[in-house]
Structure formats: structure tokens, C-alpha cells
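Accompanying notes for the structure given below.
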Amino acid sequence: MTQFLSALSIGLGSGAIYALVAIGFVMIFKATGVISFAQPAFLMSGAIIVSFLAPLMGFYVGAVLGVMAIGAVALLVERVAIRPMIGKAVFTIAIITVGLDIVIRTVAGMFLGTQPRSVGDPWGTDVWVISGVVVQQRHVAAFVTATVIVVALLLFFRYSAVGLAMRAVASDQEAAMAQGVSASAIFALSWAMAGALAAVAGVFAATGGPIGNTLWLVALIALPAIVIGGFDSLGGAIIGGLTIGVAQAVVSTYHNQWFDGSGVLPELTTNLGPLMPWVIMLAVLLVRPHGLFGTKEVERV
Amino acid sequence: MSHLVSASEPSDTPTPDRGTGRRGGFFGRPRGRPELYSSYRQEQALFNTRAKAVGAAVLIAIAVLLPFNVSDDVLRILGLGLVLAIGGIGLNLITGYAGQVSLGHAFFVGVGAYTASVVAGDPEGRAFGLGITVIPVWILAAGAMAALCGVIVAPLATRLRGLYLAVVTLGLVFLGTYVFTEWASVTGGPGVGREAPRPVLFGDDLTLDSAFTSDQKLYWFFLALLLIGALAARNIARSRIGRAFGAIRDRDIAAGVMGVDLARYKLIAFTVSSFYAGVCGSLLFVANRHFGPEQFGLIMSIQFVAIVFIGGAATISGTIMGALLIASLPRISAEIAHLFPFISTAPNTSPNIFEVEAILYGGLIVAFLLFEPRGLFGVWLRMRMYWKSFPFTY
């Protein structure tokens, strides 16, 4: 039981990171109808920029400034490379974001250097032990931060004028424009917020160790999360992210007991955990092709 | 462009100079009217103008004679480009022609590569092998096994559309990498890999130098296979199947209403595309000599997507151009490093040539889609149009 609860805490911590990236994906998708494959680059460069700012001004200020900087970069990227493509096929825009991802990620990677860099988080690998359950502080921090951000976002969408405009554009772009909402401003804002969310996720994904060259892969795990939840569902993104995080952590914890020695599939020596998001995704899609909470596409002839 | 399709063209035999009363010309086309089509068959012909037929013949002749004039290291790059073109054509059939987004091409390439090496592998070796070294057997087995995987995936994929499909095929790559890494008796395991299948043609091992060098022989071998593959793909594209693909790409609901069997044609698209990927995989293995299971990942998938979009979606010749460009990118970035001495060739200092290569990749994808959505083929179309309309700009 304590082993399970420890796995659960790891899962919720990493799941919160996936959920943050997934919310970014969903925001861009709701506004523009495109999946932005550039999120991994924003995640990676967020962690790297914070690793430069944190030694100068402390982790908290550095993280906030770094996240804002990545938001600005995303805004710029949208303006330069995505805005001219409005109205083109969504897949074309998605491929452009793939290209952008490679460029931004490579440029950010140049700043990594050969010395190990860390984001200078105050938690490191410290743990709390609560009646035998090992809980890593960084996972708690990630979960709490994600919760605060999600609540703030929901309040923003519910009560602010800009949030209302964003919901209006997401539900009916032309009607929103007829009411005087600038759709292109909303697109830009969605990109900026999604970039910032990815950067937050990057900072927490990089806690507890040096920034690795493969950190950006974390953002890809948010893709099955949004497929499970449905591309256009914020709640689905959060639930999908947490589900995947927990499933991954639980399978990683119990992999040895399930697959070694017991005689079931003895070839599986490598941990199945990283594979779980994709397996769950395929299982969900077999039943519901538009995700658990996604809107079913209306086919009109 | 003027299309003059005569309404009374039910016969199968192409009749010369129908309705024009003038003799000569290509396919009975009146002279000096390259844009005049007097039958549907003319317009759908493989080479619908004489210039295209002659141009293709000249290009093929140049390609065949190239190994006598070009050094072996350039040939190796070109050979790799030819192999990538085969896989690129496969991806173009499904993504460019049929409009089904696939980021999972690397998985099928991997299946092909390992099938080929299992069929042709040494039965006494460390990794599992059957020892059938006849070339057509292992190439076709690679294609068939990949196509089979395509058939298995297709029922799930045909229910999905657009970006959902892109994400799901991405999942395929991750599942594939896991299986390839795990199944060490077939793939040799991570970091180790296994030997490529031996290409022995008429008792002559193409990987060994004899009268011609290994690179020359492999280049001709790849060129011959690419020509077969390109011709087959071109014919698929202009057949009933190809038109169904186009209808699905442009508007799948409308295509379905008009009687195109969506599930059937998406299944065909997946199968054919995977077959090309499998063949490409077996040849990539030959060209590289060695492959680790982790190489058939997301990056290879993106490489194929780049080939299709830089070359030009829904064009076969564009795909070949794109593949040659992508294959020569490492060389190009190495040459750039010669021009700018601050770019290093060591992987642990930056900026290095690998970073330059990655930026070129991504930058080319973005630039082409923004400024020349039809890709390299579009550049060629522009040049052709310039000379056609010379001295008028429009």
C-alpha cells in the first residue's frame, strides 16, 4: 500500500506536468484548430532560460521571468510563422510547427553546453516520509503549481473580458469577429499562453537533476493525454494528463513484480512505463475515436 | 491551361489526330499545341508531352552515367537519397495524394529493415536469420511484412481523421521503438544492432569492390529500384485508385457521398505506403550497413515528412528531388562549416555541424511551406512557366 501511494504521488506530480502541456495544446487547438508540435521546444527552452536566470535572481523570480520570456517568444513565433498561414490546411500549419520545433529546440540546445545545468529549484530530490509513504517535494510543488494555474485559468476564462473573448472565438470564430472580437489577437494570446504553460511544465520537469538533451520528450507525452481527453476539452486534458502520469508511475513501480520471474512475457525486461501513455491512448481510441470528452465531429454533407 | 476533353471518347484505342485533321505530333497531338488535349487518355498519359518524355529519358541517362564521373563519397550520398526517395514516395502516396497524415513512417521502415535482415541473415549468426540471400526475396518480404503491419493498423486509422491520425501514428513510432529495442534476438538490441542483409546480385556481392566499386554498384542497384518504384507510384496516382485518393484528400465526406469507399481506399493507401516504407527500410539497412533499433524513431519520421513537403506534396519527381536534398544536408552543413570557421565538427561544442544540419532541416520545412507550398517541384514549375511565357512575365 505504501508502495502504491508513493507511486501515486510520483504519478500525480508528473501527471500535473503533462496536464500543463496538454492544456497548452488544447488552447491552441480550440482557438486555431491546429495541434502545435512546437510545444516541446517551448518546454525545453523554458527550462534552459530559467537555468540561466535562476542563479542571478533566485528560482522564483527567475522562473516567472523565464516563463514570461518564453510566452513572448511564442507570441513572436505565431506572428512570424503562423499568422501568414491562417486559412490554410491545418495539417500544413501543423507541419510548420514541426519545423519550428526543430529550429527552436536546436537553438535552445546550443545554450546547454557541456556542463550540467539545473534550474536551481529549492526542492531538489528532498522527500517527505509520511507513515512510510515517500513523497518527493518537487512532485508536490508541481502538483500544487498546476492546480493554482488551472484554477486561475478557469477563473480567467469565466470572469475576464479577454477570457470571454477567447471562449467566443473558440465556439464560433465568425460570430465572435462580428461582435468586434479580434480573432488574430486571440490566436496570438493563445500561442503566448500555451508557450508559457509549456515553459512552466519544462521548469518542473527539469527539477531534481540536470537538464537533459531529451527533456523535450516530456511534451510529447501530453499528446496521448489530449487524445484521451479529446482535443477540444480543457477538463479532458487535465484528466488525461493525470491519468497518464499515474499509469506510468504505477506500471514503472510494479513492472519488475509483474513481468520478471512470474513467467508472464519474460522478454519484457525494459520498463513498460514510458509506453503506457500510448497504449492507453490506443485503447481509448478503439472505443471512442474523438476521446473521452471531445466533441464528436458533425459531418455535414 | 486549356483542357479540351472530347465528349465522344469511348474507344480504348487512341486514334491519332482526332478532330484536328493534322498529322504528326506526340500521341496524335497537333504540332505547336502542347496544351491541347483531344482525349482523356492523352491527358492522363504517363508523359503527356513530348518534352516530358524526352526530358525524363535524358535525366535517366544522366543518372545512369553519373557514377563514371562522380567520386564515391558523393555517390554514397546520392545512393542514400535514392533510397530515401523510395520511402518518401510511400509517404507521399498516403499523405500527399490521399491526405492521411502519418507521422509513423519510421515504424514501417523499421519493420522492413528488420524483416529483410531476418530473411537474409546468417542462420549461424548471433541474431535470428533464415539465410535466404536472393535479393528479390528479402526486398519483397520486407515490403510485404511492412504492408501487413499497415493492414493491421489501418482499421484503427481509417476511423480517425486529420491530426488525431497524426498523433496516433506518432504513438506507433514509440511502440515500434520499444518492440525493436526489446526484441534483441531479431534486432540485435539497443546500441548493438545487427548486420545488414547482403545484397548479392548474379553472384556478385554489391558491398564489395570488383570491376566497379561498391558505391557504384549500390548506386545503380538503388537507382533501378527507385525507377521501378517511381513508375509504379506514378501509375497508381493516375489510375482509379489515385483519383479516389485525391477525392478523399480534398473532401472525404464529399468523396464518400459520391461513392468512393473511404475505408477501402484508406486501407489501400496505408498498405501501399507501408510496402514502399518496408522496401525503403531494407535498402536503408544495406546503404547504412548497420542500424540500431533506436534509429527508427520520431526523427526519422520527421525526415520523411520533410522529404515530402520540401519536395512537394503529391508529386513523385518532387519527392525524389526532396530526398536528394535531405540526403545531402549533412554534406551541405559540413561545407558550410568550411566557410564559417566558428562552426565546429565536434559534437560536444556548439555551434557544430549537427546543429547546423538540424536548423537547416527545420528552417527548410518552415520556409518551403510559407513561401513555396508546392516545394521543389513548385520551383521547377515556376522556372518552366518563365520560359514558356518568355518574354511576357504573365
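In case you wondered, yes, glycine gets a Cβ from its N, Cα and C as well.
As recorded in TrEMBL, the features of this protein are as follows:
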REGION    B:1-33  region 'Disordered'
TRANSMEM  B:51-68  transmembrane segment
TRANSMEM  B:74-94  transmembrane segment
TRANSMEM  B:101-121  transmembrane segment
TRANSMEM  B:127-156  transmembrane segment
TRANSMEM  B:163-181  transmembrane segment
TRANSMEM  B:218-237  transmembrane segment
TRANSMEM  B:267-286  transmembrane segment
TRANSMEM  B:298-316  transmembrane segment
TRANSMEM  B:358-381  transmembrane segment
Touch test for the transmembrane segment (B:218-237) and the transmembrane segment (B:267-286), at least 3 Cβ pairs under 8 Å: yes
Stretch-level contact, the transmembrane segment (B:298-316) and the transmembrane segment (B:358-381), CB cutoff 8 A, at least 3 pairs: yes
Of B:51-68, B:74-94, B:163-181, whichever stretch has the most CB pairs under 8 A to the transmembrane segment (B:267-286): B:74-94
